[in-house]
Amino acid sequence: MLASKTNAISPLFFVCCVSHGSTAMINVEDGENPNYKPEHPGAPASLLAKVRANLSFQSKWSELNGAMGDLGTYIPIILALSLANGLDLGATLIFTGVYNILTGALYGVPMPVQPMKSIAAVAISSGPDFAVPEIMAAGICTSAVVFFLGATRLMQLAYKLIPLPVVRGIQLSQGLSFATTAVKYIRHDQDLAKGKSLGQRSWLGLDGLLLAIAVTFFIVVVNGAGEEVEDDNELALALVGSGEEQRRRRRRRWRKLLAWVPSAVIVFLLGIILAIIRKPSAVEELKPGPSAMHVVKISKHAWKEGFIKGAVPQIPLTVLNSVVAVCKLSTDLFPDKPEATATSVSVTVGLMNLIGCWFGAMPCCHGAGGLAGQYKFGGRSGGCVAALGAAKLVIGVVLGGSILRVLVEFPVGLLGVLLLFAGVELAMAARDMASKKDAFVMLLCAAVSLGASSAALGFACGIVVHLILVLRRWLMK
């Protein structure tokens, strides 16, 4: 079964490589390219070398640690959809695992595969009235629009025209939204099946407030506020005396030691151990073998409901956060790597769901929050998400949907801690808005997005205010 699914998805990698341009493969004929060298091996060899480079770890522990950075978003949503709406968890793990591997090989950065959050929110709040057929219809409709915008290069045009302060406003609002949700996960007990916060979380226990606070301090001690770069003047200061030189060496030793501590991996493994302790019988309920897959039948009513309730609110969020914002963030975080273009990202988002949703896999996209979270915990290459994808694929094939019995006992407070750091890291991308005008547009866009719970409305307000300020400056010349 695994082989058949992998073969079914293989066109995704081929088309994505073509859309990614010269960074993926050579697609010009002999004589059209002045730099063409006939003695070189063909496109397959170039592609293989590129894939190998994209998947190579920069640091084993850091990359594996970074793979855990997106779980604070991924696990709660798939649990909620599985419990409330009957999502096929086995199919979701297999398909998202394959997507992780392919996107890691294609982009060479920790490009995430995240749930489509607006569709998930509608499904959770609607319950049985928005079941699997409606969810899949919403994912297919959203992806068809995004794929069209990418294939026609309209998305790349939009990416170039959207002002940076507006992009930063969307990133800031999404980051703060993640962080706010994370605080709710930490402070309150959660009914994930209904998407509701319950009473105050107790201080003690295997999912208590003290545990979440201790884990938060642990991550801050290990990871700090992000990458720490030595001051340019440290070398000059070191020449002042041997005492300063010794302190500098001691700081370096501590940094190297902490770099070997996989904080997110430790937190995730701790959560699995606590989940088993909370319900030991969950291990006995695990069943070997992948879940049976089938093609989802989507009625006319499901298409209508999926498009109106799910796709319409999801499309602007996907365009802004999963394409525009993620491309900009990728460029900011990895300036030395080939740019993830809006065209290629749109194509991969489209193809993922135009294939997987027909088999009941959760609608997914690339998200700036996931990229920020994986970067925060050490992800620096495509190998980071490929390792995560391999783990999902193995679990999906070996245990299928039965893994839900363990994951449902996973301490939500720990997921909240991981989500908190991912949200803060995404919001920190907005710190480069130095001028008052740019900061004004960014903050207004973020405020409207958060207050109205609509990235599209915040985006529209940000664009209008930016244009008014440009016109005002022109008139005052």
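Keep in mind that glycine also has a Cβ here, set from the backbone N, Cα and C atoms.
TrEMBL entries are annotated by machine, without manual review.
Taken from TrEMBL, the feature signal peptide applies to 1-24.
Tertiary proximity for the transmembrane segment (89-109) is limited to same-chain residues at least six positions away from its ends with a CB under 8 Å from its CB atoms, namely 2, 5-6, 9, 12-13, 16-17, 20, 24, 50-51, 53-55, 78, 82, 290-291, 293, 330, 333-334, 337-338, 340, 344, 348, 352, 355-356, 359-362, 364, 366, 371, 380-386, 388-397, 399-401, 403-404. TrEMBL lists 89-109 (among others) with the feature transmembrane segment.
For 130-151 (among others), the entry in TrEMBL reads transmembrane segment.
Under the heading transmembrane segment, TrEMBL lists 203-222 (among others). Within its own chain, the transmembrane segment (203-222) is flanked in space by residues 186-187, 258, 261, 263-264, 266-267, 270, 274, 277-278, 411-414, 416-417, 420-421, which lie at least six positions past its ends and keep a Cβ under 8 Å from the stretch.
Within its own chain, the transmembrane segment (257-277) is flanked in space by residues 59, 61-62, 64-69, 71, 206-207, 215, 218-219, 221-223, 283, 377-378, 406-407, 409-411, 414-415, 417-418, which lie at least six positions past its ends and keep a Cβ under 8 Å from the stretch. The transmembrane segment feature in TrEMBL is assigned to 257-277 (among others).
According to TrEMBL, the transmembrane segment annotation covers 340-361 (among others).
The transmembrane segment annotation in TrEMBL covers 382-404 (among others).
Marked as transmembrane segment by TrEMBL: 410-428 (among others). If one looks beyond the transmembrane segment (410-428) by at least 6 residues along the same chain, the residues whose Cβ comes under 8 Å of a Cβ in the stretch are 68-73, 75-76, 171-172, 174-186, 189-190, 192, 201, 206-209, 211-212, 215-216, 219, 223, 226, 264, 267-268, 270-272, 274-275, 329, 368-370, 372-373, 375-377.
Within the chain, the transmembrane segment (440-469) has long-range Cβ neighbours (under 8 A, six or more residues past its boundaries) at 162-163, 165-166, 168-170, 172-174, 176-177, 313, 316-317, 320-321, 430, 433. If you look up TrEMBL, you'll see 440-469 (among others) marked as transmembrane segment.
A Cβ distance under 8 Å defines the sequence-distant neighbours of the transmembrane segment (340-361), meaning residues of its chain 6+ beyond its ends; these are 5, 8-9, 11-12, 15-16, 19-21, 87-88, 91-92, 94-96, 99, 102-103, 106-107, 109, 111, 113, 132, 136, 139-140, 142-144, 146-151, 153, 155-156, 158-159, 293-296, 318, 322-324, 326-327, 330-331.
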